[in-house]
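What follows is a single structure, written as structure tokens, with notes after it.
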Ligand SMILES: Cc1cc2nc3c(=O)[nH]c(=O)nc-3n(C[C@H](O)[C@H](O)[C@H](O)COP(=O)(O)OP(=O)(O)OC[C@H]3O[C@@H](n4cnc5c(N)ncnc54)[C@H](O)[C@@H]3O)c2cc1C
């Protein structure tokens, strides 16, 4: 925490030096010089000669008494102390004297000062017409100045706090990853992983709660908690400078609190969008997985929605207290805010039901988020006209989103239009061979497959599937019955069960064809309810395919550099772990398959290299506990575990590895490649 706070502080100090006009306090000044702004604030509503057809600012620009009063106030109040530079005063004068850039004053500041003869004797009276240079009351001027300074100070804080949240949000994964490169970090990380990173909360993670949401792991919860605590803390601290004035009312305080909630929500927005991206830069700058970022996307979105609701409630109470609720709600900027609020609320709410109709969810989610962003833009634009830099957050969100979409397009174009040959593997699975794709055989890769001809009315539809380089599938076990059944804990432990153990009969000892090139990838697709079902019932075996990929969930390096690699998988999950068996010399594979999916086993089991120990079980389950205990008993020092299968299996493996990691002397590396996000 201390390190994080320090990192945030350093980033902030660096940002403070940036000469760009980004945020208030970082290139944008609101009321500087405040002595001059306070002068104008006191007489802004002064009664001057002004025809009803002219704008107030135009009249002020031409009103001698108004300009000389303002110039004299600036001269006497700004000098000698706090003494803004002459250039500053002139700059202020030319733009702000009338409050309208398009209505510059008819005299320069010095000229207006020179037109004042001695010390004015008349005092400013807002009720009577200003006909000569008048003196402003010191109390009024001071109150206006203090209020402006307090307001600017608050704005500077908003900008800093929003940036802090954003920087801590993106900096934490980068920093924690960087720490793993320090000397002795390995010892610490071996200790931390089974205690903080791997454990689940309430033993569930991949399995959704009530089909609605996923619980974070302990490590993920720590991050969510960090951002939540930081957000709440930064919403609540540092209002001290507002209280000294007698003039600060409850509504004033609510105004500041409302603004702060609004701006802090803006900082959470780019984080939320960044975490959802397939091409999230943090995937390259940190060792956190894509599935972790997707989970964080949802939790940070919930936090963002909470802060936005808070913002709306505070504004509602403020307007009601001030008796101007009806008037405010009639304003366009408030209406855009309400549109944004509802769009955000619906986007977060409907995401919980995505499993009931993923495509509908996806399209509505994008539309709702666009409405939310556009609503927020107009909410800010109509209220602040880009004067305070809030629009930077919208630019950032758009940049992150478009960057992701552009890189996706680039990936699809790079792979190009491909021919996909589809063949049925039993009743539930199809094999899709996509020719001419030249991707490395790195394990743990998936890609988004477009098959526009399958559902012509939704050609944009694309879904993630694990990719296997086709040449890996053409290998055949040379020796029949080579698997090491004796060492397989499941076979000895449950040999008496009625499970159908078919692996042994399935080996094809001869290569049917030798694949001489590494080009071409294959995906195995299990029938679900959407496009995968349509694919099964489609008559044509040849399709045009586009591919967005390859992507990886996380680096496979840690598991692949372990002494021993254990792979757990269930059903179609084999496609997620298959490339691992070719990438490690000491592998044991546990694959459980439901009765009825024998064809998949027949298709894939013979492709396993001879050195792979295996426990393939059709109609039964491998005992995860026994399998892991056996590795501990075998005395391996460093064991990598990869699991890809149903949520229950993924969670059990995770929980067991975490328990053993805390108890046994073995060092574990865990990689969960779930098919469920
Ligand atoms: C990283 C990853 C790798 C995968 N690899 C394979 C594989 O090799 N073989 C295989 O058969 N399946 C794989 N899946 C699952 C596969 O993506 C879904 O089965 C497929 O998207 C279902 O399509 P459908 O239109 O039939 O979905 P539906 O029947 O509409 O939905 C079925 C389920 O799939 C989920 N789903 C649907 N579309 C998507 C999407 N675009 N992104 C994420 N989830 C979605 C839904 O939430 C729902 O739970 C993988 C999933 C992920 C996340």
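Note: Cβ is positioned from N, Cα and C throughout, glycine not excepted.
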Practice item. If TrEMBL is the reference, give me the range from 257-278, 389-410, 411-432 marked as transmembrane segment. Key: 257-278
Study note, to complete from the structure: Among 113-136, 137-160, 161-184, TrEMBL lists transmembrane segment at 161-184
Study note, to complete from the structure: transmembrane segment per TrEMBL, picked from 360-380, 444-464, 465-485, is residues 360-380
Practice item. Return yes if the transmembrane segment (209-237) and the transmembrane segment (299-321) have at least 3 CB pairs under 8 Å (sequence gap of 6 or more), otherwise no. Key: yes
Exercise for review: Decide whether the stretches the transmembrane segment (333-353) and the transmembrane segment (360-380) have at least 3 CB pairs under 8 angstroms, with pairs required to be 6 or more apart in sequence.
Suggested key: yes
Point to revise | Positions on the same chain near the transmembrane segment (360-380), where near means CB under 8 A and six or more residues out | key: 266, 269, 273, 332-334, 336-341, 343-344, 346-347, 350-351, 353-354, 386, 390-391, 394, 397-398
Review point. In the predicted model, what is the mean pLDDT computed over the domain 'FAD-binding FR-type' (399-557)?
Key: 80
